[in-house]
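In what follows, a single structure is set out as structure tokens and then discussed.
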Amino acid sequence: MFGCLQFLRFGLLELVSCLFPAFLFAGLAISKYVDLPIARYDALLVYCLALTLLFWVVRLETWREVAVIFGFHLVGLALELFKVRIGSWQYPGDAVTKIGGVPLFAGFMYAAVGSYICQAWRRFDLRVSGYRPIATTILAALIYANFFTHHWIADLRIPIAIALLVVLRGTWVFYTVGVRRYRMPLALSFVLIGFFLWVAENFGTFLDAWNYPDQVDVWRLVHPAKFGAWALLVSMSFVLVASVKALEGRLYHRGTPATVATPRATEPTMPDAATLPLDNDAEISPQHGNANPHRD
């Protein structure tokens with residue numbers, strides 16, 4: 001019974017963490033079936049800007065998180081401009097705010113990923129142990145670069161993915177559901193997020209927000225290979241958020257160690273899938289001990 005309750009709590013926290021993506025897809029659906037006074041993509045840009053402002057005003061996101069999300073927007077927009085130019089996918093509608101065939105709202109689809117990670121970090125009280133920021137950042141940058149370079153040189157995603165798995169070996173993400181603390185391998189969280197992003201991409205193309213060459217005449221499922229691409233791209237998203245969380249340190253919980261703990265940090269040994277009972281009235285400490293917040 002307790003397990004079912006925990007699962008429901010977990011699902012509720014996930015739903016709340018997905019508020020920005022949920023509102024974004026609601027906008028995609030409404031704009032497809034409702035006549036608008038301006039071009040669809042222009043309306044979506046105004047809508048996404050308003051959403052971002054609203055989330056900041058009602059304090060669903062901090063100004064630091066908004067800055068990170070804006071960074072996601074720029075990173076995603078750069079990728080979109082390149083991929084559309086070489087014909088990887090297209091945006092079928094017209095818009096005033098369309099540059100190089102890419103509507104400016106497109107960056108918000110990447111920003112939605114950043115919003116989800118920021119929201120989940122706070123609501124699940126996420127903390128990371130065994131994290132190697134320098135090596136992970138380098139590999140995340142190589143993953144991002146490979147999305148561009150594989151059109152001219154060999155596609156290196158498989159060797160880079162293997163290297164990422166090696167670097168993330170022993171890296172755990174800790175999260176809280178109710179009064180219990182859990183953990184899972186960080187690499188597994190990338191795979192799970194990547195899968196749901198692939199599902200979301202299928203909804204996006206079904207709503208005709210964009211489409212791949214094989215979807216122009218009739219909609220079909222996005223190729224499963226995109227699942228792997230999204231799982232890899234999540235590493236870039238995580239690196240950006242983790243860098244801010246490391247700077248914030250004790251922003252969300254008084255008396256806790258730095259948000260991102262490195263391999264030199266010490267923490268109590270916890271068996272896989274184990275849980276730690278917490279005092280309902282106590283603050284949640286990510287490591288449940290005095291970790292040394294040094295960074296490599």
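Cβ coordinates come from backbone N, Cα and C, glycine included.
Annotated transmembrane segment per TrEMBL: 12-32 (among others), in sequence order.
Taken from TrEMBL, the feature transmembrane segment applies to 38-58 (among others). Long-range contacts of the transmembrane segment (38-58) within the same chain, counting only residues at least 6 positions beyond its ends with a Cβ under 8 Å from a Cβ of the stretch, are 19-20, 23-24, 27-28, 31-32, 66, 69, 91, 93-98, 103-105, 108, 111, 115.
Summarising the annotation, TrEMBL assigns transmembrane segment to 65-82 (among others).
Sequence annotations record features per position, and here TrEMBL assigns transmembrane segment to 102-121 (among others).
If you look up TrEMBL, you'll see 133-154 (among others) marked as transmembrane segment.
Annotation comment: TrEMBL describes 160-179 (among others) as transmembrane segment.
For 186-207 (among others), the entry in TrEMBL reads transmembrane segment. Counting same-chain residues at least six beyond the ends of the transmembrane segment (186-207), those with a Cβ under 8 angstroms from any Cβ of the stretch are 21, 25, 28-29, 32, 109, 113, 116, 128, 131, 164-165, 168, 171-173, 215, 219, 221-222, 224, 226-235, 238.
Taken from TrEMBL, the feature transmembrane segment covers 227-247 (among others).
Residues or ranges marked as region 'Disordered' by TrEMBL: 262-296.
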If one takes Cβ-Cβ under 8 Å and requires six or more residues beyond its ends, the residues near the transmembrane segment (102-121) are 13-14, 16-21, 24, 41-42, 44-45, 47-48, 52, 55, 60-61, 65, 68-77, 79-81, 84, 91, 93, 95, 175, 193, 197, 204, 210, 234, 237-238, 240-241, 245, 259
Near the transmembrane segment (12-32) in space but 6 or more residues beyond its ends, with Cβ under 8 Å, are 40, 43-44, 47-48, 51, 55, 60, 108-109, 111-113, 115-116, 119-120, 123-124, 177, 200, 203-204, 207-209
